[in-house]
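Under the heading transmembrane segment, TrEMBL lists 40-60, 80-99, 119-144, 156-174, 186-209, 215-235, 266-285, 297-320, 340-358, 378-400, 407-426, 438-461.
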Amino acid sequence: MPDKTAELIRLLFCPVFCGGIQMNNNSFTEGAILPKLLKFMLPVLLAMFLQAMYGAVDLLVVGQFGTDADVSAVSTGSQILHTLTNLIVSFSMGITVAVGQKIGQKRPDDAARTIGTGLIIFALTGAVFTLISVTGAGGLAAIMQAPEEAFDLTKSYIRVCGGGFLVITAYNLLGSIFRGLGDSRTPLIAVGIACVFNVFGDLLFVAVFHLGATGAALATVLAQLVSVVISFFIIRKTKLPFEFHRFDLKLERNCAKNILRIGTPIALQDFLVGISFLVILAIVNKIGVTASAGVGVANKVCAFIMLVPAAFMQSMAAFVAQNHGAGYTDRAVKALKSGIAVSLAFGVVMFFTAFFHGDLLSGLFSNKPDTVAAAWDYLKAYAIDCMFTCFLFCFIGFYNGIEKTKFVMIQGIVGAFLVRIPVAFIMQHFGGGSLFRIGLATPCSTVVQIIMCFAVCAHFVRQEKNV
C-alpha cells in the first residue's frame with residue numbers, strides 16, 4: 001500500500017478525481033478496435049461536454065442578465081484563460097502518451113515515476129500561471145484591445161478566474177494521467193461536480209446579485225473549490241493499478257526528459273495556435289463591442305459543435321500510444337481511420353446545424369438581436385470548419401500517440417501564422433468588416449494542415465511496411 005505521505009500528496013494534488021469506484025485499467029492492444037475506441041471516447045466526450053457547459057454557462061447567464069460589455073468581458077477574458085489552460089492541457093499530453101506507453105510496455109513502475117515527476121512539474125507551472133493571470137490582468141486586457149466600455153470588466157474577470165489556476169492545473173494533469181491508464185470515466189465525476197455548482201453560482205451571482213462578468217468569474221472559481229473539497233473526502237476510495245510511493249514523487253531526470261520531449265512541442269504549437277485566435281479576437285475587438293460579444297457567443301457555440309472531433313483527438317492519443325508502445329502499428333492506423341469515419345458523420349450534421357440554424361444556437365447565449373446576428377455571421381465560417389476538423393483532430397491525436405509531436409508543432413504553427421492570421425488581416429481590410437469572412441481564416445488554415453498530415457501519414461505507412 002502507498003505510504004501515508006504519498007496518500008497525502010494524492011489528496012492534495014489529485015482532488016478532482018473523485019468517486020468511490022475502482023480505476024479502470026483498460027488495455028487497447030487487444031479486442032475489436034472501434035468498440036474499444038468508442039467505449040473510451042464516450043466518457044471523454046461527456047466530460048468535454050460538461051467542461052464546455054462549465055465555460056458556456058458563464059456566457060449564457062451573462063448574455064441573458066448582463067450587458068454587451070459583460071458579454072464582451074467574459075468572451076475576451078475566458079479566451080485568454082482558455083489559452084493558458086490549453087497550454088497546460090497540451091503539455092500534459094506528454095503525461096498521457098508517456099504513461100500510456102509504459103502501460104503498453106507492461107512497465108507500471110515506470111508509469112508511477114512518470115506520474116510523480118509530472119506532479120512536481122505541473123504544480124510549479126500552475127503557480128507561475130496563477131501569478132501571471134492575477135498580477136497581469138490589466139496588461140492582458142490591454143493587449144487584447146478590450147473595448148473601452150468592457151476593459152475594467154475584462155480585467156476583473158481575468159484576475160478572479162486566474163486565482164483558481166492551481167486547481168485547473170491539478171484537474172488537467174490528473175485527467176491526462178488517468179486517460180493514459182485507459183480510464184476516461186473517473187475524470188468525468190470531477191467536471192460534473194464543478195459544472196453543477198457553476199450553474200448555481202452563475203444564477204446566484206449574475207441573475208440574483210447582478211454582478212455581471214465578475215459574478216461569472218466568482219462562480220467559476222467557487223465551483224472549482226467545491227469540486228476540490230468534495231473530492232478530498234472521497235478520493236481515498238480510488239485505487240491505482242500500481243503502487244505510488246513517496247520516492248516516486250521526485251524529478252526523475254529520464255521521466256522529465258520524456259515528458260518534456262513529448263509534451264513541449266504539443267504545448268508550444270497549441271499555445272501559438274491559441275495566440276493566433278487571440279490575434280483574431282483582437283482584430284474583432286477593434287470593430288466594436290457588439291462584434292466582440294458576437295464572436296464570444298460564436299466561440300462558445302463552437303465549443304459544442306467541435307466536441308466529437310476534440311474527444312477523438314484526446315482518445316486517439318491514448319489509444320495509439322498504447323498500441324505504438326506495444327508495437328501494434330497496424331492497429332493504430334486502423335484506429336485512426338475508424339475515428340475519422342465516425343467523427344466525419346457527426347461533422348456533417350454539425351455543419352448543417354450551425355450554418356443554417358446558427359441564429360437559434362447563438363440565441364441560447366444572448367437575447368440581443370445584434371449580438372445574435374454577429375455571432376451567426378461568424379459561426380457560418382466555423383460550420384465549414386466542422387467537416388475539416390474531423391480529419392485534422394484525429395490526425396493530431398494519432399501523431400501525438402506515435403510521438404511525432406514535432407510535426408504536430410510544425411503543422412500547427414504553419415496553419416496559425418502562415419495562413420490563419422494573414423487571411424484574417426486580409427479579410428479585415430478587404431472584406432468590409434464581415435465576421436464571416438474573417439472567420440474563414442480558420443477553415444483555410446485547417447485545409448493546409450490536413451494536406452500536411454496526409455502527406456506525413458502516407459510516408460509513415462510506407463516506412464512501417466518496409467520495416
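Cβ coordinates come from backbone N, Cα and C, glycine included.
Long-range Cβ contacts of the transmembrane segment (340-358) within its own chain (Cβ-Cβ under 8 Å, at least 6 residues beyond either end) map to 34, 38, 298, 301, 305-306, 308-309, 312, 375-376, 379-380, 382-384, 386-391, 393-394. Taking pairs at least six residues apart, the transmembrane segment (266-285) and the transmembrane segment (40-60) share fewer than three Cβ pairs below 8 Å and do not count as touching. Between the transmembrane segment (378-400) and the transmembrane segment (186-209) there are fewer than 3 Cβ pairs closer than 8 Å, counting only residues 6 or more apart in sequence, so the two stretches are not in contact. Remote same-chain residues near the transmembrane segment (40-60) are listed as 26, 28, 71, 74-75, 78, 82, 175, 179, 182, 184-185, 187-188, 191-192, 194-195, 198-199, 202, 216-217, 219-220, 223, 296-297, 300, 303-304, 307-308, 310-312, 314-315, 318-319, 364-365 (criterion: CB distance under 8 Å, separation of at least six residues from the stretch ends).
Tertiary neighbourhood of the transmembrane segment (407-426): same-chain residues 265-266, 268-270, 272-273, 275-277, 279-280, 283, 396, 399-400, 438, 440-442, 444-446, 448-449, 452-453, 456, selected by CB-CB distance under 8 Å and a gap of 6+ residues from either end.
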